[in-house]
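Trainee: Just passing along the structure, written as structure tokens.
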Amino acid sequence: MKHSLNTATSSSSVLKRTILYLVLISLAALVYCDDDYYDLLGVSKAATNREIRQAFKKLALKLHPDKNKDPDAHNKFLKINRAYEVLKDEDLRKKYDKYGEKGLDEQNQGGGYQSWSYYRYDFGIYDDDLEIITLDRGEFDGAVNSGELWFINFYSPGCSHCHDLAPTWRQFAKEMDGLLRIGAVNCGDNRMLCRSQGINSYPNLYIFKSGMNPVKYYGERSKERLVNFAMPYISSTVTELWAGNFRSSIEDAFSSGVGWLITFCSDTGDCLNSQTRSKLAGLLEGLVKVGWMDCATQGDLCDNLEITSSATVYFPPGSTLTDKENGDVLFLNSLDAREIYKEVLNHLPDLETISPESLQGKLSHHRWLLFFTFGTDEQSSLPEFKKLTVHLRSEHVQVGKFDCYSSPSICSELYIHKPCVAAFKGKGISAYEIHHGKVQLYDLVSFAKESVNSHVITLGPTNFPGKDRDTWLVDFFAPWCPPCRALLPELRIASKRLFGQIKFGTLDCTIHEGLCNMHNIRAYPTTVVFNHSNIHEYAGHNNAEEILEFIEDLRNPSVVTLTPETFQSLVRNRRGDEMWMVDFYAPWCGPCQALMPEWKRMARHINGLISVGSIDCQKYSLFCTQERVNGYPEIRLYPANINPQHTYYRYTGWHRDSQSLRNWALMYLPKASFDLTPESFHEHVINGKDNWVLDFYAPWCGPCQNFNPEFEILARAVKGKIKAGKVNCQAYEHLCNSASIRSYPTVRLYPYNGSKKKDYFGEQIDSRDAKEIAQIITKRIEAIKRVKEAYNKDEL
């Protein structure tokens with residue numbers, strides 16, 4: 001009996017262990033059931049947008065249902081398409097990296113895809129061209145505002161003329177590489193960007209240069225015509241040398257440490273033509289002077305220089321022009337601009353190498369861009385980097401190299417353990433920032449200019465902010481993380497706007513893992529404000545304006561943090577004319593975290609109209625249960641003038657961005673504008689003595705529906721001074737035709753200037769922003785008032 005009991009007990013124990021094992025396997029399957037988007041595309045988390053596009057295209061051609069007979073091909077392709085749609089978008093990628101797929105639940109992405117032929121022939125047409133930079137929404141502004149000269153091709157993947165242009169654009173890019181930046185924008189992927197630039201047909205080619213409006217190219221789309229169009233915008237000076245200016249021109253350049261590249265044109269042999277000379281002057285601008293001499297008219301001078309036939313020669317500073325046997329003088333046999341350019345660059349002196357003894361002094365008094373090397377480093381010795389001194393001269397930035405083997409302790413103190421580039425701001429060795437982007441000429445130029453003029457520094461254990469220090473914004477990041485790299489330029493912009501108020505620093509978590517663990521950093525980038533003992537994590541988009549909004553919100557909170565008690569007193573017992581919006585959330589909930597910056601932004605937009613609060617359902621779980629909150633985030637609106645007071649409306653919209661939430665909330669505000677009929681329009685607007693602003697709309701018009709809440713805000717903003725009315729042009733078509741309304745919505749001002757009858761057409765207002773419209777019409781009414789007062793004085 002005892003044996004049987006033990007056997008039964010043993011069997012029961014085995015069964016329990018088996019069940020537990022199966023439960024654990026099931027839980028593991030649930031945890032890992034979501035496919036990793038990076039794995040689906042076969043890319044690393046450090047992949048660039050170009051690499052993501054290339055990987056997706058390769059998979060699309062292989063797995064597309066048009067070519068793949070797998071019964072499940074459609075669903076499989078939807079998965080990789082979803083992965084691509086998320087990872088190509090900077091904001092969605094950041095959310096995915098931080099919260100996983102749950103952070104994307106509100107996003108309607110990846111529901112469809114294009115045909116196989118689209119991916120084969122139309123998708124990413126410039127991704128394999130190194131000379132052409134494909135610019136996305138997040139890269140465009142930085143590129144055209146960098147100070148560099150850009151020629152950009154705005155195209156659409158389905159446009160046949162765009163595909164016809166592609167081979168020519170590639171040839172043009174190769175020929176002009178180094179003279180200007182060649183870009184391409186896919187308007188199929190970046191519709192809003194192209195619309196903001198006024199692009200409504202394809203292809204559209206524009207020159208962008210700092211200090212001038214974009215210039216559109218209208219000519220024939222041939223390489224020669226494109227080159228001829230671009231050349232005048234390239235800064236280049238070619239000097240014709242002759243007996244009257246030869247000596248002074250040479251001596252002035254040599255005294256400044258600049259050499260001369262001179263092509264001598266004689267009756268025999270070949271010299272460089274005009275366009276080649278101009279290209280070389282552009283390529284070598286600031287490094288070498290470019291000139292030419294006509295030996296047919298300057299025969300004596302050419303004889304003195306022992307020039308007997310056409311030749312192209314580089315004379316370094318200090319060289320003797322008549323001593324051409326000198327090894328420093330370089331004779332060039334090529335007639336190709338790029339070949340000559342490379343030879344001359346190789347002949348120029350290398351960047352200055354800084355000694356350990358002089359480093360501290362140099363960094364204390366001057367701005368520097370330094371290449372940190374470990375012995376011989378081919379990358380820092382690239383001839384093209386000699387141009388950095390020219391590009392950074394206007395910012396008073398010097399360029400040099402420091403070999404960490406010459407003083408390992410210095411590099412160790414800076415936490416530099418591998419070759420890198422750093423910008424020092426002229427305030428000592430601790431005020432620096434390390435470059436984490438591509439080590440290419442124009443990327444380094446942009447980084448150096450941004451960094452030395454901003455107030456972001458690299459942090460480590462010795463200078464990490466403590467509790468008793470100033471307010472700091474610290475960006476915890478990893479260099480391999482693309483959203484992290486995209487955030488850095490935005491931090492620099494924000495640091496300039498908040499200089500003297502908040503200090504900015506970055507901490508590399510791949511180097512300072514202990515510090516990052518101490519602050520519970522689990523995703524990159526994580527941006528935190530340390531305000532003495534208070535810590536606030538930023539959860540917005542990677543742009544300076546939203547960072548500034550976040551800081552302003554910390555100073556002047558737009559959202560009330562509610563407790564069960566304050567919910568009762570402020571929301572439940574609100575005044576009859578008061579409205580509240582409340583977000584019921586849990587701190588661990590990914591969609592809740594993604595909502596928070598949008599929630600705060602919405603609160604600022606409706607400040608003074610609707611009160612906004614939030615309540616932590618993890619902290620007050622019993623209260624949320626009593627309020628029947630069953631999921632997070634739960635957004636509720638408690639309206640005005642409704643009994644009982646616990647009545648609310650629940651937001652069920654798909655999009656949780658600030659604009660969508662704002663528009664939804666404003667629908668519940670009591671209407672401040674008047675609906676006008678033809679009769680009331682004539683009686684009150686045309687023949688009345690009030691100032692009116694009118695919105696002419698059609699009910700079926702999407703932009704009209706979006707503008708409606710904005711117009712209601714306007715009506716409240718000008719209440720008491722200007723009356724606001726709406727005219728339904730579907731119901732009153734004749735009235736709108738008589739007022740020459742050609743599109744919807746149309747905003748018109750009808751000011752009263754003392755005459756018996758107003759103009760039927762009013763004054764057009766070309767804006768859909770309530771604040772801007774209010775400013776425009778207020779100024780106009782004040783101007784009319786001043787004219788009337790002046791007229792009355794004259795009458796007296």
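Indices start at 1 and increase along the chain as displayed.
Using the three backbone atoms N, Cα and C, a Cβ is placed for every residue, glycine included.
The signal peptide annotation in Swiss-Prot covers 1-33, and the record cites sequence analysis as its basis. Marked as domain 'Thioredoxin 1' by Swiss-Prot on the basis of sequence analysis: 131-233. According to Swiss-Prot, the feature region 'Trxb 1' maps to 236-351. According to Swiss-Prot, the region 'Trxb 2' annotation covers 349-464. Annotated domain 'Thioredoxin 2' per Swiss-Prot: 455-554, in sequence order. What Swiss-Prot records for N531, N753 is N-linked glycosylation site. Marked as domain 'Thioredoxin 3' by Swiss-Prot: 558-668. Sequence annotations record features per position, and here Swiss-Prot assigns motif 'Prevents secretion from ER' to 793-796.
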Trainee: Can you tell me how many other Cβ atoms are located within 10 Å of the Cβ belonging to N531 (N-linked glycosylation site)?
Mentor: 17
Trainee: Within its own chain, what residues at least 6 apart in sequence put their Cβ under 8 Å from the Cβ of N753 (N-linked glycosylation site), listed in sequence order?
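Mentor: Listed in sequence order: I784, V787, K788.
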Trainee: When secondary structure is assigned with DSSP, how many helix, strand and coil residues does the domain 'Thioredoxin 1' (131-233) contain?
Mentor: 42 helix, 24 strand, 37 coil
Trainee: What is the number of residues in the domain 'Thioredoxin 2' (455-554) that are helix, strand and coil, as DSSP sees it?
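Mentor: Residue counts for the domain 'Thioredoxin 2' (455-554) by secondary structure: 33 helix, 26 strand, 41 coil.
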Trainee: Reported in the order helix, strand, coil, what are the DSSP residue counts of the region 'Trxb 1' (236-351)?
Mentor: 37 helix, 25 strand, 54 coil
Trainee: Specify the secondary structure state of N753 (N-linked glycosylation site) as given by DSSP, simplified to three classes.
Mentor: coil
